[in-house]
Structures are given as C-alpha cells and as structure tokens.
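Under the heading FMN binding site, Swiss-Prot lists ARG55, MET56, VAL57, LEU58, LEU59, LYS60, TYR70, THR71, LYS77, GLN99, GLN134, SER135, TRP180, ARG190. Residues annotated as substrate binding site in Swiss-Prot, with sequence analysis given as evidence: LYS60, TYR117, ARG121, SER125, ARG186, ILE187, HIS188.
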Amino acid sequence: MNQKNSLGLNKCFLDKIDPIDLFEVWMNEAKKTELNDPNALALATSDQNNFPSIRMVLLKDFNKDGFVFYTNLNSQKGNELKNNPKASMCFHWKSLLRQVRINGMVQKVSNKVADEYYSSRGYESRIGAWASKQSTVINNRDELLNSIEEYKKKYSNKNDVPRPEHWSGWNLIPTSIEFWLDGESRIHERLKYTKDTEGNWVKSLLSP
C-alpha cells in the first residue's frame, strides 16, 4: 500500500475533520453494507477489582457530546459504570474492513432523554424492561416468562407503560477516538484523536 496515495485515514489526518463527523460518515456507510446492526458495539467496563467485562450493546444516539446506549442500571454493566465511570467502546464493520475504538467517561442521560427514547420502544420491549431483572440468577425460563405476563396484565394499556427508574441511558463522553482501516499485507491505517486539556482534538497517525 502506498500510504502517500491513501484515500483513507492518511487523508483524514491531513484534512481538518472532526472525529465525530468522521464517525458519522463511517456509520452511514456501515448502514448500507452491514447485514445486521451496524450500530452494534462491544462495550468494556470493569469492576471494583479492575477485572474487565465486555458485551455487545446497541448505540442509540451520538453527537458532539457523546455516544448513548441504554440498559438496566442494576445490571452488571450498570453497577460497574456506577462504581467506575470509565468505559471503552469498539465498533467493527467487517463489510468495510473498519474499526473504531472509543475511550471515555460515562454519565447518565437526563430523565427527559431517557423517557423520550423509552416511549419510542415497542410494547414488548417496554414490558421487558420491567420484567427482566437483568444479570440476576433465575430458576428457569418460565420464571421470566411469567413475570412478563404479570407486567402485561399490570400495564395492559400499551400506550401507558412508564419507564422503570432502574432503566435509563448512559452517555460516553469520549476522551480518545481511534479509527482503523484495513490495509494490504497488514499495513493498516490508524488515526487517533485525543482531547487535550483545553478540550481540543489532537490527531496522531499510529503505526499498525
């Protein structure tokens, strides 16, 4: 690969492009090529003993202020984020041979934002937020299914299912964003944006 003639991240390094703008371009392209869930990401958190855990979640919104996902606040990831608000995200779009890694600090979204997103979910999903005590042990599958039916009876009006207090969103405020582009003979392209002490993005090309 001739890095000087690259039309990928080398060009982005030379141009004055904001990492959020670049992410939006890549996400929009992934929506056209990925068969399933282009907004899927691996979310890494860690417990009080610094032992990491990782799982797939879905990105539901992003802008200059951060990257938003929703979850049960009492789940493993919810509890870990309460105790240690540092987290990492990794997007991998196999169809485009691209990857994005994002590190940062999380904070809960406002009740207004959480309410608006929750109300946009389907009835079954809203009921599930009540019925599932995420990450806790259950005796069998029927226990969960019975809980779902109980909440369906309680909230039979599909237009009136309130958001549980234990269900909300987290906004990851990025401190660094790295873009990775596959290259021939494993000579990949890596472009990293890091926020300086004044909140400005500083770009660096990394060796593959």
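Placed from the backbone N, Cα and C atoms, the Cβ positions cover glycine too.
Bear in mind that the values here come from a model prediction, so they are computed numbers and not experimental data.
Closest to HIS188 (substrate binding site) by Cα-Cα distance, out of the binding-site residues ARG55, LEU59, GLN134, TRP180, is TRP180. If you measure from the Cα atom of ILE187 (substrate binding site) to that of TRP180 (FMN binding site), you get 11 Å. Closest to LYS60 (substrate binding site) in space, going by CA atoms and restricting to the binding-site residues TYR70, LYS77, GLN134, TRP180, is TYR70. Cα of ARG121 (substrate binding site) to Cα of GLN134 (FMN binding site): a distance of 18 Å. Between the two most distant C-alpha atoms of the annotated substrate binders (LYS60, TYR117, ARG121, SER125, ARG186, ILE187, HIS188) there are 44 Å. In this structure, the binding-site residues under consideration are ARG55, ARG121, ARG186, and the one with the smallest number of other Cβ atoms within 10 Å of its Cβ is ARG186. In terms of C-alpha distance, the listed binding-site residues LEU59, GLN134, TRP180 place TRP180 closest to ARG186 (substrate binding site).
Neighbour counts of Cβ atoms within 10 Å were taken for the binding-site residues LYS60, HIS188; the minimum is at LYS60. Summarising the environment of VAL57 (FMN binding site), the number of other Cβ atoms within 10 Å of its Cβ, over all protein chains shown, is 16. Note: the Cα of TYR117 (substrate binding site) and the Cα of LEU59 (FMN binding site) are spaced 12 Å from each other. Taking the Cβ of LEU59 (FMN binding site) as reference, residues of its chain lying under 8 Å away and at least six apart in sequence are, in sequence order, ASN39, ALA40, LEU41, PHE67, VAL68, PHE69, MET89, PHE91. The full span of the recorded FMN binding residues, ARG55, MET56, VAL57, LEU58, LEU59, LYS60, TYR70, THR71, LYS77, GLN99, GLN134, SER135, TRP180, ARG190, taken as their largest Cα to Cα distance, is 36 Å. DSSP assigns LYS77 (FMN binding site) to a helix in the three-state reduction. Here the Cα atom of VAL57 (FMN binding site) is found 15 Å from that of SER125 (substrate binding site).
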